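Asker: The structure under discussion is supplied below as structure tokens; questions concerning it will follow.
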Amino acid sequence: MGAEIDSRIEDEQKLVDDMLKVLPEKAARNRRKHIVVRNCSTEQHIEADDKVIPGILTNRGCAFAGTKGVVFGPIKDMVHLVHGPIGCAFYTWGTRRNFAKAEEGGDNFMNYCVCTDMKETDIVFGGEKKLKKAIDEVVKIFHPEAITICATCPVGLIGDDIESVAREAEKEHGIKVIPARCEGYRGVSQSAGHHIASNALMEHLIGTEEIKSPTPFDINVFGEYNIGGDLWEVKPIFEKIGYRIVSSLTGDGSFHRISQAHQAKLSILVCHRSINYTNRMMEEKYGVPWLKVNYIGTKGTEKLLRKMAEFFDDPELTRKTEEVIAEEKAKYAEDIEKYRKKLKGKTAFIYAGGSRSHHYINLFEELGMKVIAAGYQFAHRDDYEGRQIIPQIKEKALGSILEDVHYERDENVKPTVSPERIEELKTKIGLMDYKGLFPDAEDGTIVIDDLNHHETEVLVKTLKPDIFCSGIKDKYWAQKPWSPSRQIHSYDYSGRYTGFSGVLNFARDIDMALHSPTWKFIRPPWKAENVE
């Protein structure tokens, strides 16, 4: 078995080396640092969060996409005002499938796209007056209690003072107006926008309201964007056990609830990359501990629920947890097993953002499938190697323009968990830690950061995965000539994929993709070509 693993690692490394030969020497040297063929017997490192090589077709987004599209966009009762050209404003609920329902007596502005529509004359003479007028119109039409201003590239280039416009609008209209300097060039990917949005949430929202009736089991759900209704799949499970979700950040989120997030007893973190900044700052200022979790897959959901029960250490809560786990597993086990038999032995290639690639490795394995390549669009090294690597990460030039905010503990805060218990839980359940993707990628798996179209073509054609899971930008690039594909960013209008029932939904969708009769009418290139 050892010789077989060594042979696989050697073959995959040769594939990577051959794939990079077409690039100029300097570019090839750069990309080689972003690709690792897993060898679990040795310590490995990967380069990430670096600027894209000019001329390479990347799948990344910009800082504006990270702030407006990912973090701010799903907050339903705020009007998100794009200050910039109309082309930037398309990044809305229609592209992300963030679902939301209005709170009782509340608002839901998710379906609206509001933009200042800057023109050439605004670039020349400035856009501040146009921004003020847009805010006035938003207040007149929608009567929101809060507005965000999301700046695009031209705004930063001409120097519009969106902060002063926001302050004046707050005084004039008596509402919250939150400016975000999220111009697209502020960082190497959408990850910079996540950071900017997290800072804004802490500065302007979190800690500004109080929970009227606290309960012993109040929690936050961080890094959940309710794609296709994912949050709504797991929320009833939490409530059945006895938890109350104070705030979801930010899927189906309300700015009032986000303002109360500091009073939760525990924050669970789904997408590590997009919002771990807020978790860290909340723990520093308000003492709210966080727990990295994965509720995609039966095993992941079980593990999460048991860790949460361990954190609260309440006998009745623990009993209810086991009861709900047994009940939910029994509902879907038989149907899941039918699909597992059909999918066993199939291979998958995953390329996504946030923590999704990691989570779906676990889910594919649960279905008997093997992940042969995986990677992230906008990860940092700790998303691959774990948070223990953070002290060793050197700050890059573009990273220096992002404000890394730290807080002192609020003297009025009384910790709900003692420091001794926190240390104990760090060992028991991995509280406030994340081990990264590497530990769950087996020997020979190609782990690749910032996958580009050339690499997609070579890897998919050579590895011949049974399915390619990524986003809309590269879905058809892989699907047309080679492999069936599924989006795991917006689920191809399907889902939900979280919790116990999500496993069944996902297995059904993968089975349809792999065994659709339409594939009988297509001859893959590697079957048509004379391969020696």
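Glycine is no exception: its Cβ is also placed from the backbone N, Cα and C atoms.
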Asker: Check Swiss-Prot for me: it has Cys62, Cys153 binding [8Fe-7S] cluster, so pick out which one of Cys40, Cys88 it puts in that same site.
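Answerer: The one candidate that Swiss-Prot places in that [8Fe-7S] cluster site: Cys88.
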Asker: Find the shortest Cα-Cα separation between His489 ([7Fe-Mo-9S-C-homocitryl] cluster binding site) and the binding-site residues Cys62, Cys88, Cys153, and name the residue that gives it.
Answerer: Cys62
Asker: How many Å separate the Cα atoms of Cys88 ([8Fe-7S] cluster binding site) and Cys271 ([7Fe-Mo-9S-C-homocitryl] cluster binding site)?
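Answerer: If we compare the Cα positions of Cys88 ([8Fe-7S] cluster binding site) and Cys271 ([7Fe-Mo-9S-C-homocitryl] cluster binding site), the gap is 24 Å.
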Asker: Around the [8Fe-7S] cluster site formed by Cys62, Cys88, Cys153, list the extra residues of the same chain whose Cβ is within 8 Å of the site's Cβ centroid.
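Answerer: Close Cβ neighbours, site residues excluded: Ala63, Phe64, Ala65, Gly84, Thr152, Glu183, Gly184, Tyr185.
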Asker: For His489 ([7Fe-Mo-9S-C-homocitryl] cluster binding site), what is the secondary structure state per DSSP, taken as helix, strand or coil?
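Answerer: DSSP assigns His489 ([7Fe-Mo-9S-C-homocitryl] cluster binding site) to coil.
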Asker: Under a criterion of Cβ-Cβ distance under 8 Å and sequence separation of at least 6, what residues of the same chain contact Cys62 ([8Fe-7S] cluster binding site)?
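Answerer: Within the chain, Cys62 ([8Fe-7S] cluster binding site) has Cβ neighbours under 8 Å at Cys153, Gly184, Tyr185, Ser189, Gln190, Gly193.
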Asker: Is it possible to get the count of other C-beta atoms within 10 angstroms of the C-beta of Cys153 ([8Fe-7S] cluster binding site)?
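Answerer: I count 18 other Cβ atoms within 10 Å of it.
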Asker: Please give me the CB contact count at 10 A for Cys88 ([8Fe-7S] cluster binding site), counting all chains in the structure.
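Answerer: There are 23 such Cβ atoms around Cys88 ([8Fe-7S] cluster binding site).
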